[in-house]
Amino acid sequence: MSKMHELSLKRNAKTESDFGFRLMEWFNPAIVSTFVYDVTVDSPADRSGMTTGDRIVSVDGMLVRCADEVRALLDGKSEIRIVIERTQTGDSSQPQMFRRSRSEEQEASPTVDCQSEVSGTVLGRFPESHWLLKMLGRASYQDQIGNVASVISSSLPFSVSTESTDLKEVMASKIVEHSKKVASFRKEHSKSVIGEITIDMVYGGMRSMKALLWETSLLDPELGIKFRGRSIPEVLKQLPTLGSNEPLPEGIFWLLCTGDVPTAKQVQALRTQFNQRAVLPEHVVQMVLSFPKQLHPMAQFISAIAALSSESKFSAAYTGGIPKSTFWEYIYEDALNLIAKLTPLAAMIYRSCFKSSSTVCPIDPEKDWAANFAAMLGYEDKMFVELLRLYLIIHCDHEGGNVSAHTCHLVGSALSDPYLAFSASMAGLAGPLHGLANQEVLLFLHRIMEEIGKNYTKEALKQWVNKRLDSGLVIPGYGHAVLRKTDPRFLCQKQFAERFIKNDALIQLVWDLYEIVPGILEALGKVKNPYPNVDAHSGVLLQHYGMKEMNFYTVLFGVSRALGVMAQLIWSRALGLPLERPKSMTTDNLMSLVGK
């Protein structure tokens with residue numbers, strides 16, 4: 001059994017050259033090297049209560065994986081806060097028994113033949129091996145590096161391999177690496193200027209203002225959204241399919257969390273995690289059943305997600321007192337639980353609002369997240385399942401500046417639990433300027449059909465579009481705040497329809513508009529991006545497979561967006577990002593700044 005402890009170490013710069021503890025400094029960056037093998041008597045480490053066998057978890061809030069990372073964070077400091085993990089052995093005298101001074105350490109005679117002793121202790125109760133290794137002396141354990149390191153590393157329960165199917169373990173390793181990278185970058189470039197803020201940016205919704213850290217995705221004006229550096233076509237090609245036509249959404253979540261394309265086994269393991277966690281508490285079930293049917297599905301979704309806060313592991317742990325360096329671990333648990341519970345929750349709301357029964361079928365452990373979601377919604381068509389997989393992937397993340405993503409980040413920065421942060425995020429998504437775009441496109445398409453008929457000519461369609469623009473109205477589904485090319489998410493939906501759907505009038509209308517509208521908008525000379533975005537195509541695909549309830553589309557969008565904002569929320573806490581608190585200005589303040 002082990003416990004976390006936070007220690008404060010302060011050295012006297014005049015009399016103490018270091019903090020007085022020694023780590024097991026292996027030549028490679030292994031977690032085992034963060035174990036303390038020696039504590040100098042009357043040193044800052046000794047006075048703080050540090051003891052042999054402690055494992056250093058973080059320094060000043062930064063997770064550490066090896067001695068080199070600890071050393072880098074100690075460099076030049078006279079005061080630090082360290083979180084250590086201490087194994088409870090039941091014999092508190094053992095560490096003290098082996099403690100010695102610097103002079104005694106230097107006089108220690110090396111022991112050559114230690115392999116059998118080390119493996120015996122490590123494979124039994126590994127803490128004793130560190131006290132034993134301390135006795136061997138510095139030169140000795142470096143001589144024995146090949147033997148000792150392999151024995152200890154293979155016995156530790158937290159060793160991580162690139163083939164590990166435990167997402168949390170893989171993330172722990174990634175967090176250590178990235179935290180070191182961020183610390184070094186900030187130290188070197190903390191005062192570097194990355195852009196200017198104009199008056200128009202302040203009044204214009206902070207458009208293009210480089211002000212948020214968002215690790216999971218980046219929007220390229222030419223290539224569209226890139227998930228961890230990979231474009232939509234690359235993601236759809238590289239992620240595991242496990243026998244389906246489209247990749248599984250579990251794979252995109254793994255990619256967003258780690259930056260790595262997962263293996264089939266890793267996707268299967270995450271599928272199992274989602275299936276096991278997809279249980280709604282009874283009070284949330286009763287809450288949904290009590291909602292009036294006329295209450296908008298998004299209002300129900302937002303309220304029920306907030307009610308899931310009762311299940312928060314992070315809130316419970318935070319109330320009990322946990323080190324800041326471990327926040328991400330509890331956020332991770334909440335994030336996975338939230339994602340897993342969203343599908344039965346959304347399905348229950350859908351069936352309650354639009355079907356005769358609110359009952360949803362049980363989770364099938366052999367199905368993936370999207371397939372179970374489709375089944376709970378009541379759809380058996382295999383191609384709808386394929387569409388849902390595609391939909392959930394391409395809508396999952398879109399940088400951090402959009403309303404839903406930024407809201408989750410903002411509320412999460414106050415250390416509200418993931419359920420509350422995501423509920424707020426969905427309130428933002430419910431706004432007509434954010435989450436209702438595909439509904440507006442559908443209404444637009446149906447109006448065209450009503451006015452010029454299904455057997456229109458392209459010339460008649462062109463005249464109708466021009467007439468609409470002349471009246472001062474826009475073309476829904478066209479244009480984007482950042483993109484300057486056709487949205488790759490539009491194109492992959494078009495390719496899906498070309499492969500699997502024949503003779504659908506609404507889909508054909510979408511394609512005809514794609515052929516006509518960009519040229520018309522370009523000729524106006526006022527439009528930065530005359531090309532279609534993701535919303536121009538998504539609604540007609542859902543309608544084709546029978547989901548005609550447009551009021552539910554934003555809920556579907558929200559289920560997908562959870563993958564991106566939850567992955568980033570884990571990383572925000574792992575990196576120790578602070579409470580977001582920008583400076584606001586009045587118009588008079590701004591005028592005084594520019595000398596008016």
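The backbone N, Cα and C atoms fix where each Cβ goes, glycine too.
TrEMBL annotations:
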type	residues	note
DOMAIN	6-88	domain 'PDZ'
REGION	89-112	region 'Disordered'
ACT_SITE	His434	active site
ACT_SITE	His480	active site
ACT_SITE	Asp535	active site
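Comparing His480 (active site) with Asp535 (active site), their Cα atoms are 11 Å apart once rounded.
Of the active-site residues His434, His480, His480 has the largest number of other Cβ atoms within 10 Å of its own Cβ. Packing around Asp535 (active site) is summarised by its Cβ count: 25 other Cβ atoms lie within 10 angstroms of its Cβ, all protein chains included.
Using DSSP to sort the residues of the domain 'PDZ' (6-88) gives these counts of helix, strand and coil: 17 helix, 29 strand, 37 coil. For the pair His434 (active site) and Asp535 (active site), the C-alpha distance works out to 11 angstrom. Asp535 (active site) carries a helical DSSP state (H, G or I).
For the domain 'PDZ' (6-88), the model gives a mean pLDDT of 79.
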